[in-house]
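Listed features, source TrEMBL:
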| type | residues | note |
| --- | --- | --- |
| DOMAIN | 2-375 | domain 'Amino acid transporter transmembrane' |
| TRANSMEM | 20-43 | transmembrane segment |
| TRANSMEM | 76-95 | transmembrane segment |
| TRANSMEM | 115-132 | transmembrane segment |
| TRANSMEM | 144-166 | transmembrane segment |
| TRANSMEM | 178-198 | transmembrane segment |
| TRANSMEM | 210-233 | transmembrane segment |
| TRANSMEM | 253-281 | transmembrane segment |
| TRANSMEM | 293-313 | transmembrane segment |
| TRANSMEM | 319-339 | transmembrane segment |
| TRANSMEM | 359-379 | transmembrane segment |
């Protein structure tokens, strides 16, 4: 999920300067923290003071928080938020696949939308994915392709070290551009939707916090190095997607790698979204399909929906930015902090309460700023 946003980090530095570098580090720390407090909400202490996992999903956490108001209201809100974000991510991968194919084969008389349909055909086997094991293997391949892309870009940048200059960094900032940069940086770390399932499937869940620390640490190092090297190489000429700055022979290679990554990335959000919907319909164990035809129908419907929205909705990027500002910020900052405060209030220290409240306020302003920028963009397009 992080690859597409990572390619926009150098462009984010163009508009945020030194503050962008600091925010890459801060965002890693914040997202790591919200991941930990979200998982903490899955556990309660028993009579012996031992932590027992009493909840399995974000839906269970939300229902526990809202049980006095309504037994199922919180779960419905969370499920809708998660499904919207996941399906938007799936559509994004189809749109990006069409764009990459169009740029990789410019002499073929085919439109981007047609290329998206061709990419969709390659994704049809997703309707037969029934277990997380298959998704995890595809995600491993996706990670491998991701590292190849990063390696190619950084290697090329290192060959241009003779022209690097810190003078390229901006000291003055434009507020709206800075907000866009913050959005790119924050959403390059988001993974909270998948954390309860990931932690629940670990052989040793006790190592989850350590795993989260190390993954965010290395992600921070990798992203900072990548963004810094690319920006110092191209400076003011840095484009929104950094691969567009590469020489033509490298650009085609990297675009094909990105296409592979996009197709391999699709099954994870697709699987997560269909699991949520199927569990709501069946009201049973969503890891055990009691009705294969119903499960197949849900997955097929989602697959077709992602194609139709990718092909027929105009200005999808702006609409995705609008929904992402709401659902992305909610799942990354707002809901984890609210859940933690609600369920653990009596056991939290003063500093922990201040930290949760600060994260909530930051998430609220990030969401509000993203909504304003997206609506402004839509008004300009339709204006």
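A Cβ is built for glycine as well, from the same backbone N, Cα and C atoms used for every other residue.
Just so you know, TrEMBL annotations are computer predictions that nobody has curated.
Counting Cβ pairs under 8 Å to the transmembrane segment (144-166), the top-ranked stretch among 76-95, 115-132, 253-281, 293-313, 359-379 is 253-281. By the Cβ criterion (under 8 Å, sequence separation of 6 or more), the transmembrane segment (178-198) is not in contact with the transmembrane segment (293-313), since fewer than 3 such pairs are found. The stretch in closest packing with the transmembrane segment (253-281), judged by the count of Cβ pairs under 8 Å and taken from 76-95, 115-132, 210-233, 293-313, 359-379, is 76-95. Within its own chain, the transmembrane segment (76-95) has Cβ neighbours under 8 Å at 1, 4, 58-59, 61-62, 116, 119-120, 123, 193, 262-263, 265-266, 269-270, 272-273, 276-277, 280, 302, 305-307, 309-310, 316-317, 320, 323-324, 326-328, 330-331, 335, counting only residues six or more beyond its boundaries. If one looks beyond the transmembrane segment (293-313) by at least 6 residues along the same chain, the residues whose Cβ comes under 8 Å of a Cβ in the stretch are 87, 90-91, 94-95, 98, 113, 116-117, 120, 123-124, 126-127, 129-130, 270, 273-274, 277-278, 281-282, 319. Count of Cβ pairs under 8 Å against the transmembrane segment (20-43): among 115-132, 210-233, 359-379, the largest is for 210-233.
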